[in-house]
Amino acid sequence: MSDSPIQYRLIKKEKHTGARLGEIITPHGTFPTPMFMPVGTQATVKTQSPEELKQMGSGIILANTYHLWLRPGDELIARAGGLHKFMNWDQPILTDSGGFQVYSLADSRNITEEGVTFKNHLNGSKMFLSPEKAISIQNNLGSDIMMSFDECPQFYQPYDYVKKSIERTSRWAERGLKAHSRPHDQGLFGIVQGAGFEDLRRQSAQDLVSMDFPGYSIGGLAVGESHEEMNAVLDFTTPLLPENKPRYLMGVGAPDSLIDGVIRGVDMFDCVLPTRIARNGTCMTSEGRLVVKNAQFEEDFTPLDHNCDCYTCTNYTRAYIRHLLKADETFGLRLTSYHNLYFLVNLMKKVRQAIMDDNLLEFREDFMERYGYNRSNRNF
């Protein structure tokens, strides 16, 4: 697929790890990697405008196929001129396949070889999503990077179930490739599954690599397994993927997981974490997480993070942001969300510099110490 609309350019490998500095070229522009991608589930990153996302350095954002199919509908978005025009975002967009949401949100789902029947979580109506339909929806949305329809088995499901699941996912990937009507301007990624089983991850990767996708996603992680288990899966999975194509770790956004994913050769990450925890008043800072709603910040007239130069930290204090959140003012959610997104986008900028300087392991050690991962701060 050398004529693919998605191209990966390797700039530099880090001397001491599997990390790589590169860039991904898409029909709507080029972005540097490794990159964290903010999630815009409903064609908006919660509380943030496209201008703010550009200001903080988001080179690409993610939108959700399942949610946009249900509301407002992919055909309406196509009539609007596609997702880029609909949401006024002129940079790259990645869409997931809808598979994960079907398994995690939908009730009464029934998986067959043809696809998945499930109940619409908005109105209870019966819906059917197949590999072909997932591709058709994404073709209507017009994203730069699309995902194959896959089943995301739970990490601790039995071996026999996971084996059948990955074999079906490979067949679905092949069906999706055939159904893809816009290969000239949308790049379709295959998704490697296999839970924690090394041989099944290898089988899944080999199946998908043989289909020559323009890029590869690693799915089925950040679903309840330990950090060590995730790293172990990455250790044996990323080497199976082509060096000349992008590697995307789905649903991962905790700072330590981002750094450890990069060390193992991953280029792209996404997660709702920064905006989700921001709405509860939890902020990521260079010295660990800070719950700005707490009473101790009532008269704290300093920034959220003394080492951050984002819009929030440059202009507002902990006391003011705490007041906004306590008063249920939307502006408080905007400020905490902006800061958390900026924190992760900026973290990846620092990671890219550390790769350039060949000191990523030292950067990791320093970051982990400051952030407090040695103080039972596992989840953020």
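Any Cβ shown, glycine's included, is placed from N, Cα and C.
Long-range Cβ neighbours of GLY99 (substrate binding site) (same chain, at least 6 residues apart, Cβ-Cβ under 8 Å): VAL116, LEU129, ALA134, MET147, PHE149, ASP150, GLU151, CYS152, ILE191. Summarising the annotation, Swiss-Prot assigns substrate binding site to ASP96, SER97, GLY98, GLY99, PHE100, ASP150, GLN193, GLY220 and lists sequence analysis as the type of evidence.
With a 10 A radius on its CB, ASP96 (substrate binding site) counts 30 other CB atoms from all the protein chains. Here Swiss-Prot flags ASP96 as active site, proton acceptor, drawing on sequence analysis.
Sequence-distant contacts of the region 'RNA binding' (251-257), counting only residues of its own chain at least 6 positions beyond either end whose CB sits under 8 Å from a CB of the stretch, comprise 36, 100, 219, 221-223, 227, 230, 269-274, 284, 344, 347, 367-368, 371, 373, 379-380. The region 'RNA binding' annotation in Swiss-Prot covers 251-257 (among others).
Sequence-distant contacts of ASP270 (active site, nucleophile), defined by Cβ-Cβ distance under 8 angstroms and a gap of at least six in the same chain, are PHE36, MET37, PRO38, VAL39, LEU62, LEU94, TYR248, MET250, GLY251, VAL252, GLY253. Positions annotated as active site, nucleophile by Swiss-Prot, on the basis of sequence analysis: ASP270.
According to Swiss-Prot, the feature region 'RNA binding' maps to 275-279 (among others), an assignment based on sequence analysis. Note on the region 'RNA binding' (275-279): residues 38-39, 45-48, 289, 333, 336-337, 339-341, 380 of its chain, located 6 or more positions outside it, place their CB under 8 angstroms from a CB of the stretch.
In sequence order, THR285, SER286, HIS339, TYR342, PHE343, ASN346 are the residues of the chain that are 6 or more apart from CYS308 (Zn(2+) binding site) and have a CB within less than 8 Å of its CB. In the three-state DSSP reading, CYS308 (Zn(2+) binding site) counts as coil. The Zn(2+) binding site feature in Swiss-Prot is assigned to CYS308, CYS310, CYS313, HIS339.
Under the DSSP three-state reduction, GLY99 (substrate binding site) is assigned to helix. Reduced to three states, the DSSP call for CYS313 (Zn(2+) binding site) is helix. The secondary structure of HIS339 (Zn(2+) binding site), as reduced to three states from DSSP, is helical. Annotation for CYS310 (Zn(2+) binding site): same-chain Cβ neighbours under 8 Å, separated by at least 6 residues, are MET56, TYR338, HIS339, TYR342, PHE343, ASN346. For the region 'RNA binding' (251-257), the model's average pLDDT works out to 97.
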